[in-house]
Structure formats: C-alpha cells, structure tokens
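If you check Swiss-Prot, you get these features:
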ACT_SITE  His177  active site
BINDING   90-99, 114-119, 152-156  NADP(+) binding site
BINDING   Asp261, Glu265  Mg(2+) 1 binding site
BINDING   Asp261, Glu297, Glu301  Mg(2+) 2 binding site
BINDING   Ser323  substrate binding site
DOMAIN    63-252  domain 'KARI N-terminal Rossmann'
DOMAIN    253-400  domain 'KARI C-terminal knotted'
TRANSIT   1-26  transit peptide
Amino acid sequence: MAARNCTKALRPLARQLATPAVQRRTFVAAASAVRASVAVKAVAAPARQQVRGVKTMDFAGHKEEVHERADWPAEKLLDYFKNDTLALIGYGSQGHGQGLNLRDNGLNVIVGVRKNGKSWEDAIQDGWVPGKNLFDVDEAISRGTIVMNLLSDAAQSETWPHIKPQITKGKTLYFSHGFSPVFKDLTKVEVPTDVDVILVAPKGSGRTVRSLFREGRGINSSFAVYQDVTGKAKEKAVALGVAVGSGYLYETTFEKEVYSDLYGERGCLMGGIHGMFLAQYEVLRERGHSPSEAFNETVEEATQSLYPLIGAHGMDWMFDACSTTARRGAIDWTPKFKDALKPVFNNLYDSVKNGDETKRSLEYNSQPDYRERYEAELDEIRNLEIWRAGKAVRSLRPENQK
C-alpha cells in the first residue's frame, strides 16, 4: 500500500481499539453479587412480571429491533431461569464457550457428553464435576428442562434417532445453528411438535464468545424461533442469548441464519478471503517479490493495521485516512473486484440454499476417516509458502519478541 507513513501512524490506534478497557464492570461480577439474594427471593416470593425493553434502530434506512444485554441484568436472568436446568449437549467450540459463560452467570447448567471421551476430559479440565454437573448425554437430557444441542452438525444428524424420543413435552430444544432443522430432508432432524424450538447463534467462534464475555464486552448474536408451543419461546431465546454471553441480539429465522452463516463462512469470513490472500501472494511471488514482502503486503498489513480500523470506523473512514494515491487506486479497483466476484457469490448462495453445501458437509464429515483426511488438508495449508512466511513474520511482532 502506498500510504506507508499513514499506515504506521494508524497502527497504535488499531492496537488501542483492539484492547478492552481495563476498568470495566462486567456482567460476571453482577451475577456473582446477586446470586445468593436471588436464590432466597425465589423461595420467598413469586417471580415479578418484568418489562423487557426493545430498541428500534435504523440500519441503512431499514428499521430493525435490537435486544440489548441491559434489558436482562443478572438478577432478572437468575429469576427467569430459577426453575430450569440447562442441559448442554456437546462440548466443542460453542459448547465450551456458552457452557462456561452460563456457569459464570450463575445458571443451573449441566454438560452431557460421551463418558470418558475427549470432550469428557476437556470438561473436567474446565471444572465440570462428574455426577454433579457433568453427565453422559442421556442422563443430561433427562435432567434438563432446556436441552441445548451443540453437537457438530454431522453428529446431530447421526444421534438424532436416539435423542429425539428424549425431547419430551415441556422441554425446550435449543440450537446455535439452523442447519439440522432447516435441511431436515438431509439431516433427518424432525423436531418434536410439542416443544419450543429456539436458536441463538453467536457471530463468532466459541473462543470469541468466551473471551469477549470475560472482557465484559459480549458478542453480537442472532436469535430465532422455529416453534412456539408455550407462547414464551421468543422471550426465552432472548434471555438465553444474554445468558450465553451476547451483548445484543437481532431477530432472524432459522432459514436465514443458516443460509447467511454457510454463505459467509465460505465467502468473506474465511474461504473467499483465503482465496484472495493466495491469489495476491502468488502473483507477487511470480513477479519477483520476496516471501516477506508478499506476506506483509497481503496479510500482515491487512490483519494488523487496516482491518481493525475498518471494523472500528468503516470503509469510508479508511479511504479518507489513506494517501490520495492509495485512495484513488482502491476506489477505482473496487467495482472491478465486485463485478468479478459477484457471480461467484451468487453461485455460492445457490449452492447453500439448494442444499449442496449441506450434503457435501454431511457426507465428508461422516466418513470414518474424516479426521485423517482433514488433518492432511490442514497440513497442506500449513505448509503453503504464504503461511510458512507468515509464521516468520509473526515472530517479529514486538509482542512476540522475548
């Protein structure tokens, strides 16, 4: 990028923007402060009727409702779920993040995984206690009033014939991805007709769900109702969204959640970005640039300097903060990239909506040698020159200097 001096000047600001405030009153502390008193009140008096606030915001001329964490302070959350046991099934990325956040918020949450498997051992390492709040899957479901199915998509499909009969009337079925119910023709996940079925989908990995919660910030999430038997499914979804660590939530449908999620992962979030990284890096190398220069101009400057600023201020601000040369070139080339890429993105959306991506995922991830094949793919990516160069570049960052 031509605006080298501008970029260097902006880097301290990017680091500042990426660092959470040191002095922050966290939701975790609030939950701890009221936990004991709420338990006493729950016995002494019936639950009070609470008014749940909703904020209407303008998103580029479109009015949308947003549900904020402030509408559900710790005392209200604990009171709302005082008669519930949240049975979290699966302890992968989302299970880990959401489960620990629920536990820290003081809710009665238990984990259900295969006994003595890797997830069982991982849960024990995180402080879950066998026989107290760690059980095998069947035992956890039998104890739970809200069953949070956070198994992988493939595992949800494989285990559903066994799990479905245990989702009995009066329970609530919770997902964090619309994959299984939406593509039921492929997954065979037909939900029972006599239970509430809801979704909370954090917009980030389970690690991010956990780290933002611990920083007192909270991740943004979508929520949806697939089936409302009790008339309280929407409120329950919002409350659970806050409980698992959301800072705010916006409403969607199961269909829109899964379409946008699969589309985004394959596009700008990972697949498309990786493809652009590779293409730009390879051209630079073919034109005689060194690995360090090619990586810095392709990945390092983007992730360490520009992307944090775009996230904080928007693309218009980024253009305005750059040199006239960088600005002119970026603006001129934007429509060329858009025109070249839009047909690819339309094909991708079609592939998501018609179920091709779901079929591919289920078939691949259900193979007995899935793990070995995946590790081989990952090893190939790890050994690409771009990422081997990146490892060396990252070692030079000040925070990595010993």
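Don't overthink the numbers, they just go from 1 along the chain as shown.
Cβ coordinates are placed from backbone N, Cα and C, and glycine is handled just like the others.
Shown here: features listed in Swiss-Prot, placed on the structure.
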residue	record	DSSP class
Ser93	NADP(+) binding site	helix
Asn116	NADP(+) binding site	coil
Ala154	NADP(+) binding site	helix
Asp261	Mg(2+) 1 binding site	helix
Glu297	Mg(2+) 2 binding site	helix
Ser323	substrate binding site	coil
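Most buried of the binding-site residues Asp261, Glu265, Glu297, judged by other Cβ atoms within 10 Å, is Asp261.
The closest partner of Glu301 (Mg(2+) 2 binding site) among the recorded positions, by CA position, is His177; the full candidate set was Gly90, Asn116, His177.
Same-chain residues at least 6 positions away in sequence with a Cβ under 8 Å from that of His177 (active site) are, in sequence order, Asp153, Leu199, Ala201, Glu257, Val258, Asp261. In the predicted structure, the domain 'KARI N-terminal Rossmann' (63-252) carries a mean pLDDT of 96. Cβ neighbour count within 10 Å across all protein chains ranks Ser93 highest among the binding-site residues Ser93, Asn116, Ser323. The C-beta environment of Ala154 (NADP(+) binding site), restricted to residues of the same chain at least 6 apart in sequence and closer than 8 Å, consists of Ser361, Leu362, Asn365, Ser366.
Cβ-based neighbour count (10 Å, all protein chains) for Glu301 (Mg(2+) 2 binding site) stands at 16.
Here the Cβ of His96 (NADP(+) binding site) has 23 other Cβ atoms within 10 Å, regardless of which shown protein chain they belong to. Secondary structure at Gly99 (NADP(+) binding site), taken from DSSP and collapsed to helix, strand or coil, is helix. The 10 Å shell around the Cβ of Ser119 (NADP(+) binding site) contains 20 further Cβ atoms across the protein chains shown. In the structure as shown, the Cβ atom of Gly99 (NADP(+) binding site) sits within 10 Å of 26 other Cβ atoms.
Annotated pair Ser93 (NADP(+) binding site) and Glu265 (Mg(2+) 1 binding site), C-alpha to C-alpha distance, rounded: 16 Å.
If you take the Cα of Glu265 (Mg(2+) 1 binding site) and the Cα of His96 (NADP(+) binding site), they are about 21 angstrom apart, rounded to a whole number.
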